[in-house]
Amino acid sequence: MADQKFETPAFREFRDNPAIKDGAMSHSQPFVAKPEHNTPLGFPGELVDNWEVKAVEKLGDLLNKNRALRVYLDSCVKCGACTDKCHYFLGTGDPKNMPVARQDLLRSLYRRHFTLAGKLVPGLVGAKDMDKEMLDDWYKYFHQCSQCRRCSVFCPYGIDTAEISMAARDIMDHIGVGSKYSNEILAKVHVIGNNLGLPQPALADTLEGLEEDVLDDDGVDVKFPLDVHGADVLLVTPSADFFAEPHVDGLIGYAKVFHQAGISWTLSSYASEAANFAMFIGSYEQMHKVANRIRKAALDLGVKRIIFGECGHAWRVAYSFLNTLAGPWDFLDPKYPVPQHILEVTNGLIQSGGIVLDAEANDDKVLTFHDSCNVARGSRMGDVEGGQFIIPRNVIKASVNRFVEMDPQTTMEKTFCCGGGGGLLTDDLMELRVKGALPRMEALHDVVNNHGVTHMAAICAICKSQFTKVMPYYGFSMDMIVSVHQLVGNAIQLGAKE
Amino acid sequence: MSTLSVIYAILFYAATAVLVVGLALRIKLYAATPTPLKIPTMPAPLTKSGAAFRVFREVAFFESLFKSNRWIWIFAVLFHAGLALVLMRHVRYFQADIWLVVKLIQPFGIYGGMAMVAGLLGLWARRLVQERIRYITGPSDHLMLALLVLIGLSGLNMKFLSHTDIIQVKTFFLGLLRFNIQDLPTDGPLLIHLGAVAALMIVFPFSKLLHAPGVFFSPSRNQVDDARDKRHLAPWAAHMDADRDA
Ligand code: SF4
Ligand code: SF4
């Protein structure tokens, strides 16, 4: 599937909803995981015997464990309010990418086996038995959901299709049908500690290289410490920060902030990954296992605080789930929330004067900001409701002079996913990724044309990688996308404080 | 006491039992099912009272629906607000001494009835006309609307066209409350109206009408944003802490 042929969707002049195109994306699915990707996670290697029955059993298990699943499957009234809210529907017109239709793929099985109406009059209530056709639809369309939660904002009952997708993927993993991308990466994390499979020596090498780069560029000896016992701060950051562009410029930005503020910090080679891919496959057990690498690293290194780098899904797991999965954090310094986001730290330092920024350093740029879906709708920063919108903007505005907002229908809690979240950031889903980026690309196009925007900042490793890849399809240059801490890194005044 | 009265009496006892027991069991099930993780749709309130107020706004004003689709919101408000008025107006059939509020609402109840039917027809039209909603509509969705419209129209019909003996209807329902079956008038529209209401009560706990209790149990709406301050742990997940290395 290396040379997939498809057309990049055209910008919609009036942002009207696409006409329904049945089966428009029925060919899209990620590579199926092989036994060597599944078994390390405790899943069956391939499709099990009796899978139709096993799937129903697993659904029953999840229904008893997760109130959201049960309530959401019962409550939908088919009002249709969510039908035009998903970027994958807007970009493809495939009706199964309407959130409610996606939910119905699982709901039909739920109704058949767990509701009276579905048992008595299945045809009336859309109840169906599990068969190959249903499994195929599940595999395709539950891998066309980036679990961005945009639909849940607009549903009168808060029905979150992300929860349904996670449950469906968990069920599929339990009958031996997983996505290669997510499962292969998770297997790497359990052995090596990060998604890229970067072992300790390679990581140490990379960090040394970064120290040399910064010394060459800025003449300042900024350190990138690894596995330092007794450091105050453990920094957990997405592994893409170690080498991908523009991520690595963000990492350099964090290091400069720590350096200038005099904060002692370290990375851990054992917990060298912020992103917890187990959320994508909806597995609590896997999520627990990955998250507890961070607990172990914090204990082993004897740190006092944990800070996360720029990453959207990572921050959702960190902010909303880490206390549940890997807490309690009673061994850390109670003065700080656990964990903290690097932006909370930088924002605090800007306000206290702990670091000084010179926004002129970024005067060659006009910035806009892409709210990452999982930060916007799955987490918070700071201590007020909506701080996840305020703090990144404060930091950007302190780092650049010219900042422009995109269409308010596409920012903050209404933000559109980049199109590559939720375990879909794989080349085998390129068509989906390009088409799903349409709403964001349209909003960007507006501010580029009308306000001369030159760069878009993001705070998520997936957003950054996704945009780098898909922006050229829409006629934008791939280096338009920047890390927020790249801007901070450019603007920060290093050296002795007055 | 006619056979018909006995049949309707039994029907209403049965329907009430199904509604009450069915809903109670469902609510018990929702309440008993744990929430393994904190998943409020952010930004979310930081306090319990804030979260309660968020749910209240959903229930009273359909806040999220207002954000997402103005037409559906208008029709949904017409229907639900109309229904609320109509239900208030009907309380008089179960009271020997009628509450003051019920008396005060009496003249407006009828507009409620009209609003309810108008809202339902609007929602139904969307199901037929709007391509996306047509795609997600199943037979049960049409049937549910048909049943509600039937209830509304048969009720309005008794108000405006073919009146029934409402004193006798009241005697029947007061009788039911005292387990003393009285005669029910035998007009067609009344029997249709009451039969449809009983059917609605029976399907309630087994249908999408569960959105009524569901909205109160939706974690994305009722959870407080306090994950970093308070450890939230489901009983079924607690044992995993013992297995971790550190
Ligand atoms: S969670 Fe996001 S990707 Fe999934 S159905 Fe909802 S809007 Fe679409
Ligand atoms: S908005 Fe909610 S209730 Fe309405 S169709 Fe979508 S999921 Fe169902």
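Positions of Cβ are set from backbone N, Cα and C atoms, glycine also.
TrEMBL annotations:
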type	residues	note
DOMAIN	B:66-212	domain 'NarG-like'
TRANSMEM	B:6-25	transmembrane segment
TRANSMEM	B:71-88	transmembrane segment
TRANSMEM	B:108-129	transmembrane segment
TRANSMEM	B:141-161	transmembrane segment
TRANSMEM	B:190-211	transmembrane segment
Would the transmembrane segment (B:190-211) count as touching the transmembrane segment (B:71-88), if touching means at least three Cβ pairs under 8 Å and pairs must be 6 or more apart in sequence? no
Can you tell me the mean pLDDT for the domain 'NarG-like' (B:66-212)? 96
With DSSP as the reference, give the number of residues of the domain 'NarG-like' (B:66-212) in helix, strand and coil. 122 helix, 0 strand, 25 coil
